[in-house]
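Just below is one structure, and these are the notes that go with it.
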Amino acid sequence: SQPWPGPLPQPEIPAPNPPQETWASKYKFLLSCLGYCMGLGNVWRFPYLCYRNGGGIFLIPYFIMLLVTGLPLFLMELSLGQYGAAGPITVWKCCPLLKGVGVAMLIVSSLVSLYYNVIIAWAFYYLGSSFQSPLPWSCDAPWNADLCQVAPVTVTCWGCVLQNTSGSAGRDSASEVFWNEQVLGVTHSSGLGDPGPVQWPLALCLLAAWILVFLCMLKGIRSSGKVLYFTAPFPYLVILILIIRGATLDGSLNGIRFYLSSDWSRLQSAQVWSDAASQIFYSLGIGFGGLLSTASYNEFDNNVIRDTLVIAIGNCCTSFFAGFAIFSVLGHMAWRKQVPVGSVADSGPGLAFVAYPEALSLLPGSPFWSIFFFLMLLTLGVDTLFGNIEGITTAILDEFLALRDWRRKTALLGVLCTSFYLLGLLLVTQGGIFWFTLIDTYSTGFGLIIVTLFMCLGIAFCYGVNQFCRDIVDMICRCPPWCSHMLGYFRVCWAFFTPCLLLFTLIYTFLDMYSVPLRYGTYKYPAWGTSLGICMGVLTCLQIPLWAAVALCYESGTLSDRFQKAIQPLRSWRTATAQDVAGDVIDVPFTITLTGSD
């Protein structure tokens, strides 16, 4: 044989993809999770649920649900993301049969991001209006003189019961007129099928909101982590200031008494327990994929059990204390108007943009307090949206590693923000609030509960609850005795208690959905609108059997053999985690093919 002429050709080693980022410090991770979990629902939904479901007695089912459902699921998401160092789709290499759970999380996060930034746009609008004196929704404004002439009259209005300060029971209060006519323009729309033109001031606020999100996330967790030093602790500061200010107001004790009034008989109601479970579920951000993505940037040996206890319990306690800030001011509002506190209490947008702004307008120096309040809403919304968008981008980047290049990642983020903005224009039309309510109700309804139920069952019975616990011990390395005891408790919850409570919540959600028709104020949604909303939830759920069928088709053998293979972790799952533990280097295989005759 003839010798090979010249030097041997060098193997072509593919260019490595940019490595995944990691948090610069554990504090940034904690701030990120606290900001993500501490959303608008903690401020405008929890206090309302508390007084509606027996006052202080509601804390009993609330903390029971936290211990049995919230903490186990929160730890499951953090541990899964940290151990796999991957987003909500790629992390299911641990059980390919359930890849659809990750895809479903991506759909839920996309739907939530679509409408959640509209709330930030509303906060932007009110924040800009708060720099006027007097406030444009207050009775001190000259253009509201006709609405504030005579003694108060209680009326029922758009989705809430408020104090009407006009002489006619058929007219709205000044704050409601500002909200319905100037901000939303909903008085010019007849319903879901009549969206009307775009409210351009809101469209500009929505554009500003998406530009803010884009700039803050431009460099990934490096830029968003720095922003979190301000946006995460600021709401806590505002809540503390509002509690102190509210305590000095006349009538504040009536509001606090109303907030904490105890009705022990409410513990016998299934609705109370369902409300407690749903509030824990949504306030912790479980099932959206944001926690998975945030934890994927952790160091492998981070103590996830400690972080779970700090973040989840801190978040829920903050929800409780936020109620004092809300109801002390509402108590003063009721005292000023000489009406019961219940007539001015509300939840959701009705609280944040009607009742509470009206209460703030009654305070001395009202523009100052209004600026503080809407800055708090803005930071609460932005922090939660960071988590949702991070979950979406991480899921895409994990599936398409070539996009991790900074320029391509920036282009991807720009395309996402632009797409969400254009789609969100429907929600800032004159009838946009009807579409907002529809998406808000069904995007995080039964579909999200089913996704989380399958995640829990998949980890507990397909991947194996014992294997999952060993993975957590591998990450913690030196597991303290208290961590071992907590892990034993979580093992029991994952295998039995948590799935059972999720199933109970799911059944009650279905019963409530079919027994109580969807409404916005006096407007009842048509059948086609309700069907469209249900389709959103069904679209989310369909991803689970669809991708399970794909996983089975990739395997060979009988159906039973395929199922057993599809629930086994892929080799790349074990390889990735082995690299994190031991720092092994994987050689790139190559071959050289010689052509020619000997």
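Using the three backbone atoms N, Cα and C, a Cβ is placed for every residue, glycine included.
Automatic prediction, not curation, is the source of TrEMBL annotations.
Copied over from TrEMBL:
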BINDING   GLY35, ASN42, SER283, ASN315, LEU380, ASP383  Na(+) binding site
TRANSMEM  59-80  transmembrane segment
TRANSMEM  101-127  transmembrane segment
DISULFID  CYS139-CYS148  disulfide bond
TRANSMEM  198-218  transmembrane segment
TRANSMEM  227-247  transmembrane segment
TRANSMEM  280-297  transmembrane segment
TRANSMEM  309-330  transmembrane segment
TRANSMEM  368-389  transmembrane segment
TRANSMEM  410-436  transmembrane segment
TRANSMEM  442-465  transmembrane segment
TRANSMEM  486-511  transmembrane segment
TRANSMEM  531-554  transmembrane segment
*asked:* Can you check which residue among the recorded positions CYS139, CYS148, LEU380 has the largest number of Cβ atoms within 10 Å of its own?
replied: LEU380
_Can you work out which residues elsewhere in the same chain, 6+ from the ends of the transmembrane segment (531-554), have a Cβ less than 8 Å from its Cβ atoms?_
96-101, 103-104, 107-108, 111, 438-439, 441-443, 445-448, 450-451, 454, 518, 525, 562-563, 566
_Residues flanking the Na(+) site, with Cβ no more than 8 Å from the Cβ centroid of GLY35, ASN42, SER283, ASN315, LEU380, ASP383 and excluding those residues themselves_ = LEU34, TYR36, CYS37, MET38, GLY39, LEU40, GLY41, PRO235, THR318, THR384
*Between the transmembrane segment (309-330) and the transmembrane segment (59-80), are there at least three Cβ pairs closer than 8 Å, leaving out pairs fewer than 6 positions apart?*
yes
*Which stretch, 59-80, 101-127, 227-247, 368-389, 410-436, tops the Cβ pairs under 8 Å count with the transmembrane segment (198-218)?*
410-436
*Quick one: pull the CA-CA distance for ASN42 (Na(+) binding site) versus CYS139 (disulfide bond), whole Å only.*
29
*Using a Cβ-Cβ cut-off of under 8 Å, list the residues of the same chain that are 6+ residues beyond the ends of the transmembrane segment (227-247) and lie near it.*
28, 31-32, 34-35, 38, 43, 216, 255, 318, 321-322, 324-325, 328-329, 331-332, 363, 369, 372-373, 375-376, 379-380, 382-383, 386
_Rounded Cα separation (Å) that holds between LEU380 (Na(+) binding site) and CYS139 (disulfide bond)_ = 28
*Residues of the same chain, at least six outside the transmembrane segment (101-127), with any C-beta under 8 angstroms of its C-beta?*
40, 87-92, 183, 201-202, 205-206, 208-210, 212-213, 287-290, 292, 349, 353, 357, 370-371, 374-375, 377-378, 381-382, 384-385, 388-389, 391-392, 395, 420, 423-424, 427-428, 432, 436, 439-440, 443-444, 447-448, 451, 454-455, 458, 536, 539-541, 543-544, 547
*So how many other Cβ atoms are close to SER283 (Na(+) binding site), meaning within 10 Å of its Cβ?*
24
_Residues of the parent chain within Cβ reach of the transmembrane segment (410-436), under 8 Å, 6 or more residues beyond its termini_ = 113-115, 117-118, 121, 184-186, 188-192, 194-199, 202-203, 206-207, 210-211, 213-214, 217-218, 349, 389, 392-393, 396-397, 403, 520, 523, 525, 529
